[in-house]
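Below you will find the structure I want to go over with you.
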Amino acid sequence: MVTGGNLGEGEDNILQEGTRRNKRTLFTGNGQSIEMENWTLVTEFILVGIPTTRVVGELLFLIFLLAYLVTVLGNALIITLIIVDYRLQSPMYFFLSNLSFSEILTTTCAVPKMLEGFLSERKTISRGGCSVQSYFYFLSGCTEFIIFAVMSYDRYVAICSPLQYPVIMTGSLCVRLVILSWVGGFLLILPSTVLKAGLPYCGPNVIDHFFCDSAPLLHLACADIRIIELLDFLSSLVLLISSLSLTVVSYVYIISTILKIPSGQGQRKAFATCASHFTVVSMGYGISIFVYVRPSQKSSLHLNKMLFLLSSVITPLLNPFIFSLRNETMKDALKDTLAKGQSFLKGLMST
């Protein structure tokens, strides 16, 4: 779809901020080209976010700033504990450290710009900044779901084949699986990213979201976006269905194996090793399937805002608590690390 045309003198006075006029050849979906004189090209976008009063905006800023700091510090603490504590030197925690890193990257891609919007009158982002933000947000998101599947396989081997676990889940295999997760995420979003980079944006330049999400950004393009929208849908479908299938199959075998354990205490102990991962996976898949696995997302942009807050703010905030409070080994490592830190500080103060 191509919109726009020549701008008269009266229209020059109402050009939206962040646009410039140019002469450009645009291409329609059927391969035809149209030469447009004095076309308004978008150089930056306006992020609407949540329209509020200044007082409410400052309150929301404080709330989400606190949530962001807790998210980053909590996930960074998990990574640090896994690195420094010998009890956490196992494949499960190695994968967890990568999951925590992807959570930090996901929330850092979107939340700081959202916080800026609560206080700033000028809620803009450059076109290049918008592309970079969107790319890294979806890169970390895709990688996260592949790591979910990898962690499910790790739990399957640990519970269903405990004697072979050290032989199967070697250090080199774990490193290769993590590299595969990040490379897989990169390759999944690469085709649509390349196509989106060539889209013309001719105005309006207002994105009804907190960040440069794919759906609202696509619908600002003055070109046929059906192919890109279908590609986004198929890549989301392939990612979520494939990783979800592996996760479901793994947990079917895990649950059937646990139910065969004769003692109740043994069953509870086995379930405890999977409870945290299962909780996080359920939240992640539930939200993402609802948001992204749809052929067209234009009619649900306001709903997507709320789901974005759940997936990019609430879930990363809860994950450190889920993995630490429900994991005895993690809690013991945290207590010992805090005790060592306290002793170190006392030693410094006494000297």
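Using N, Cα and C of the backbone, Cβ positions are placed for all residues, glycine too.
TrEMBL entries are annotated by machine, without manual review.
So TrEMBL lists these for the protein:
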TRANSMEM  59-84  transmembrane segment
DOMAIN    74-323  domain 'G-protein coupled receptors family 1 profile'
TRANSMEM  135-153  transmembrane segment
TRANSMEM  165-190  transmembrane segment
TRANSMEM  237-259  transmembrane segment
TRANSMEM  271-294  transmembrane segment
TRANSMEM  306-325  transmembrane segment
Restricting to the same chain and to residues at least six past its boundaries, which positions have a Cβ under 8 Å from a Cβ of the transmembrane segment (306-325)?
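That would be 64, 67-68, 70-71, 74-75, 77-78, 96, 99-100, 103-104, 106-107, 110-111, 137, 209-211, 213, 276, 279-280, 283-284, 287-288, 290-291, 331, 334.
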Counting only CB pairs under 8 A, let me know which of 59-84, 165-190, 237-259 has the most with the transmembrane segment (135-153).
165-190
